[in-house]
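Engineer: Features from Swiss-Prot:
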type	residues	note
BINDING	G23, Y24, S25, G26, A27, G28, K29, S30	ATP binding site
DOMAIN	1-226	domain 'ABC transporter'
Amino acid sequence: MVFYTIGPQTPQIDKGQIYGIIGYSGAGKSTLIRLLNGLEKPGSGSVTIAGQDIAQASVEALRQARLKISMVFQHFNLLWSRTVSENIAFSLQISGTSKSVIQDRVQELIALVGLVGKEQAYPSQLSGGQKQRVGIARALANNPNVLLCDEATSALDPQTTDAILELLLDINRKLWLTIVLITHEMHVVRKICHRVAVMEEGRIVEEGEVLSLFTHPQQPITRQFVKQTSGYISANVPFNPQLVNIDNGKVLKLTFVGQSTQQPVIGELTLKYGLAFNMLHGIMTQTTNGTFGEIWLQVPASQSQLPRILADLHAYEISTEVVTNV
């Protein structure tokens, strides 16, 4: 699936990929969703899904294409007078599926999303997470090729959000289903996405693998999103600078990626140089592309020792930055 109507970049979403699109309110995320399902047409360029340009499709071709492009909504959009089973069956009924097939398919989907025992419950009897599971099951009913999730977890609490993300990841693995995930939360991207596009003012300003964007964000807005998961959104550093004795050496920010996250680097440097390194803050982050970590370290080294310590860190393939704004 390729879309290149927004901005100079041309993202390509491969089959079976979970692709995140992140941006703040007004960035153009909802417009992009409407382009992907043909509710809006681009002023120029094209939106190509499975070899078909959605923007140029006839009314009938677009109707057929939409059967394979499903939506999961932020506020569930369930029919409140219908049971769980009836809500899931609805999309099969309007596509002309026979009753016998509908019954089997509904039971299969209820098991897939973990709602066994809730078949006859009404939406008013369900929690927010259960309602979203019904929405996901309904979206999967016609075996779509693409699942569009528009802020599917933003109305949920953190624990339920993680449960829904795990469900989407499980569905992606079992069905090899392409998922496009619209969100304003970097936690959602980190948790399940393979690649991500960052939107600002109607344009895609940065795009790439999730791990790459976390470790080497290029745009200011991307760096702002990355800070969401680092615990210091409104500060330059994730610790209280007043607790640091600036006369006692330098403060280094170390970034570990992949194998370097598993090495006892600080312990080995302590033994080698006989210095009492002071760890000010540390965090380890897991993405679908791998693990990376950040450590802020006060190094009580002399002017002659510091270059050697930096060289040792580089030998471990650890990125270093001397923090000057403490």
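Cβ atoms here come from the backbone N, Cα and C positions, even for glycine.
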Engineer: Which residue among the binding-site residues G23, G26, G28 has the fewest other Cβ atoms within 10 Å of its Cβ, if you could check?
Structural biologist: G26
Engineer: Non-local Cβ contacts of A27 (ATP binding site) (under 8 Å, 6 or more apart, same chain)?
Structural biologist: M199, E200, E201, G202
Engineer: Take the mean position of the Cβ atoms of G23, Y24, S25, G26, A27, G28, K29, S30, the recorded ATP site. Which other residues of that chain put their Cβ within 8 Å of it?
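Structural biologist: Filtered neighbour residues, in order: H184, M199.
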Engineer: Averaged over the domain 'ABC transporter' (1-226), what pLDDT does the predicted model reach?
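Structural biologist: Per the prediction, mean pLDDT sits at 90 for the domain 'ABC transporter' (1-226).
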Engineer: Let me know the DSSP-derived helix, strand or coil state of K29 (ATP binding site), please.
Structural biologist: helix
Engineer: Non-local Cβ contacts of K29 (ATP binding site) (under 8 Å, 6 or more apart, same chain)?
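Structural biologist: Correct list: I21, I22, G23, D150, I182, H184, M199.
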Engineer: Starting from each candidate's C-beta and looking 10 angstroms out, tell me which of the binding-site residues S25, S30 has the most other C-beta atoms.
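Structural biologist: The residue with the most neighbouring Cβ atoms within 10 Å is S30.
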